[in-house]
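Report on one structure; see the data block that follows.
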Ligand code: NAI
């Protein structure tokens, strides 16, 4: 059957890279026909039309239909995937609190729309920042949809970490696996390579033993990944878009088709209180293994050092702080 995939913020810069990949079959496969639904706000309707024209002009075989809209009723109707990219951007001088407030409103409305109009099996990926807390808001506003159908994007952080390690070791990116991103998609995230491995030829060894530089791994490596988004903005004067779109494709492809073998990937998922001492009630990034079709389980039993513990708790604390503010705005 046809897959109906919604992208919000469809007139924005991430979407401009993302829509082509989805329409081209890079996410769901070339044989899977896709109906793309594109939502943006009314002032962007004209831009949206331009993007529709371009998608038509790509003449892609697996793109069955394109719907562009500025109303949530139409956008969320009967969808299989919701990729929620659109959000209120942080303007200069804007407090984190104001950003949370503006986005609480957007993601509450979209959560309610998911609850009312989407398939109950819909898979939701929140990208718009603050991604974890926006995801929690949408989940809270959509009680008829299982909590495990809500995730937020930390794959870009994982890809950044993987690429830093590959570059350091002078190997190709696909030689490095099982890097973990814990917690919030923010500067408190903890990129962790304690369980990561690097494959050269037929031998697989631990990243820690190959890098042989704990100072770098526990210092500069972590801060480089944590601050990478800011570094791209400083250089490009715009936030990461090409790499964000690529990470979204990776996340959704793995969620659709499953992870391979015993490899895992990181995504922000609802914390039910049973993993690594992270309390219930936030969207927290952990490593997961995914079965074909999308059922995922958090990877359990990994050893956690004292260093990791403190980093993991710090990012959880930040998320509970965001949650407190968001819930206040949600009820108002
Ligand atoms: P952008 O500003 O180019 O595009 C955002 C689009 O969303 C705009 O067209 C805007 O009109 C639209 N929008 C705003 N409110 C909306 C609503 N209520 N419904 C539908 N559309 C709405 O921004 P860009 O670069 O595409 O980034 C989008 C978001 O993704 C930002 O919040 C950014 O911080 C976040 N981001 C998250 C990453 C992650 O790893 N989780 C990585 C990179 C960006």
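Along the chain as shown, residues are numbered 1 onward.
Cβ atoms are placed via backbone N, Cα and C, with glycine included.
Please treat TrEMBL annotations as automatic predictions, because they have not gone through curation.
Taken verbatim from TrEMBL:
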| type | residues | note |
| --- | --- | --- |
| ACT_SITE | 185 | active site, proton acceptor |
| BINDING | 40, 103, 127, 128, 129 | NAD(+) binding site |
| BINDING | 90, 96, 129, 160 | substrate binding site |
| DOMAIN | 4-150 | domain 'Lactate/malate dehydrogenase N-terminal' |
| DOMAIN | 154-323 | domain 'Lactate/malate dehydrogenase C-terminal' |
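A count of other CB atoms within 10 A of each Cβ picks out 185 as the most crowded of the recorded positions 90, 160, 185. Each of the binding-site residues 103, 129 was scored by how many other Cβ atoms lie within 10 Å of its Cβ, and the smallest score goes to 129. The distance from the Cα of residue 103 (NAD(+) binding site) to the Cα of residue 160 (substrate binding site) comes to 26 Å. Close contacts with ligand 1, defined as a Cβ under 6 Å from any of its atoms, occur at 40, 128 among the binding-site residues 40, 96, 128.
Remark: of the binding-site residues 40, 96, 127, 128, the most isolated position is 96 (fewest other Cβ atoms within 10 Å of its Cβ).
Residue 185 (active site, proton acceptor) sits 8 Å from residue 129 (NAD(+) binding site), taking the Cα positions as reference. Here the candidates are the binding-site residues 40, 127, 128, 129, and by Cα distance the one nearest residue 96 (substrate binding site) turns out to be 129.
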